[in-house]
Amino acid sequence: MTQTLLPTGLMFRSVAEDRLRGAHDLFLTALHAKPASDELWDVMRDAYVADRTFGAFDGERQVGTATSFPASLTVPGGAILPAAGVTYVGVRSDYRRRGALTGMMRAQLEDMAARGDAFSMLHASEPVIYGRFGYGVGTVTRDIRVRSKRARLRAEVPVTGTVRLLDGDEVLPALRAAYPALLPTRTGLMGRSDEWWVLSYTRRLKTDHLLVAAHYSPSGDIDGWVAYKPAEPESRDIRARGNLYVLDFQAADQHVANALWGYLVGIDLIDEVVAYVRPMDDPIEAMLEDAYAVRDESEAELWLRIVDVPAALAARTYGIAEPVVIEVVDPLLPGNSGRYRVSPQGMERTTGAPALTMDVEVLAMIYLGAWRSTVLADIGRITVADPAALPAADRLFAVGRPAWNGSLF
Ligand SMILES: CC(=O)SCCNC(=O)CCNC(=O)[C@H](O)C(C)(C)COP(=O)(O)OP(=O)(O)OC[C@H]1O[C@@H](n2cnc3c(N)ncnc32)[C@H](O)[C@@H]1OP(=O)(O)O
């Protein structure tokens, strides 16, 4: 059990099993939501791993909470590394800005490093919070709104297989069985653990009117799906239902995505289909006869923290370019600080002079290809000793299709 005392007097340690419900209510209250009902807690307790849940304590009173679940991350080249998904982070409003989050983040990162998690990942409520703990924007995504009545797929868009709505009790077994095959298909995808399925699906199946339409390949396997909910399921006015919100849209390839988009925009009585966190290269505008039926907004998706820099740099593949020596600075996990020579052959630690120096947060921004080193140097995020290293680093860290996480949590 980790136990740390900060000058504020707060203590940081893992949260005992019988205090997890209090921790969850603390999080909900920090987000201005009401505590969980008994029925909901019966579901949510399985989203928590007790020894991955850290609290900030003032004496016996818990004043902050942060948890994580086991996951994995697909890195450029297709290797899959152990990772943690951080969620349910909150501090009581009467204890804010006294270092509660700082202490929990430290304890959590040290714990992840000890467990062998190569990465930590999260979705941030505000962009100013996590950079100081070494998290950088690792993937960018876009929310896509399609005006259904104006949206028709162009005739040449290939659509194969069939789409079928799953019955409620089919959903979890079917999707859990089908998801792992998707993991190698794109950089940035995340392994979904039992806890993730509870917090993202079991909970929503209980609280929302969640519908899942699965795509079946011609050979009868599920190779994609959309999970969505109507905006106003309680309304008695059919015209008030308006929008459909798509929370999970997975497809083994573009032909599967074509069929699922065709299904979504064809649903009756809907004004707009709002598909959250789509990959940046979703070609929906070019698929429709009326490209202006689409509006979108791009934003940060995954905040990535490289917990084990040597493992992360060794696991990914690199583009063709001259080798570059990068100095990484990581005050919170100092074992990561050091110099790394990156080349098309891989990575090795070195004592050679660095061409580029960057914080571990900035390494997370280039690691999955979301940002280019040249741009980050231009805005002062990378210190440059050898300007020729910048285009080389751009080529080394480039990825083909844009990285995408695609799992809400
Ligand atoms: C992955 C997720 O779950 S995202 C959800 C995060 N939770 C929420 O947004 C719920 C509402 N907010 C909160 O509960 C809290 O305000 C938290 C968790 C965001 C921050 O907790 P605190 O204990 O106040 O943070 P702490 O005191 O450790 O702050 C550390 C530093 O970050 C800064 N900081 C922390 N949160 C914020 C913020 N929201 N906006 C601006 N600065 C912030 C602090 O000013 C401080 O800076 P300093 O070191 O220069 O003084």
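Keep in mind that glycine also has a Cβ here, set from the backbone N, Cα and C atoms.
Sequence annotations record features per position, and here TrEMBL assigns active site, proton donor to Y130. TrEMBL lists F409 with the feature active site, proton acceptor. Summarising the annotation, TrEMBL assigns acetyl-CoA binding site to V89, G90, V91, R97, R98, G99, A100, L101, T102, S125, E126. As annotated by TrEMBL, domain 'N-acetyltransferase' applies to 10-156.
When the record's acetyl-CoA-binding residues V89, G90, V91, R97, R98, G99, A100, L101, T102, S125, E126 are compared pairwise by CA position, the greatest distance found is 19 Å. Counting every protein chain shown, the number of other Cβ atoms lying within 10 Å of the Cβ of V91 (acetyl-CoA binding site) is 22. In three-state terms derived from DSSP, V91 (acetyl-CoA binding site) belongs to an extended strand segment.
Reported as a whole number, the C-alpha separation between V91 (acetyl-CoA binding site) and the residue listed as 'active site, proton acceptor' equals 18 Å. By neighbour count, meaning other C-beta atoms within 10 Å, the densest spot among the active-site residues Y130, F409 is Y130. Nearest Cα neighbour of F409 (active site, proton acceptor) among the listed recorded positions (V89, R98, A100, T102, Y130): V89.
Applying DSSP to the domain 'N-acetyltransferase' (10-156) sorts its residues as follows: 52 helix, 51 strand, 44 coil. Summarising model confidence by region, the domain 'N-acetyltransferase' (10-156) averages a pLDDT of 97.
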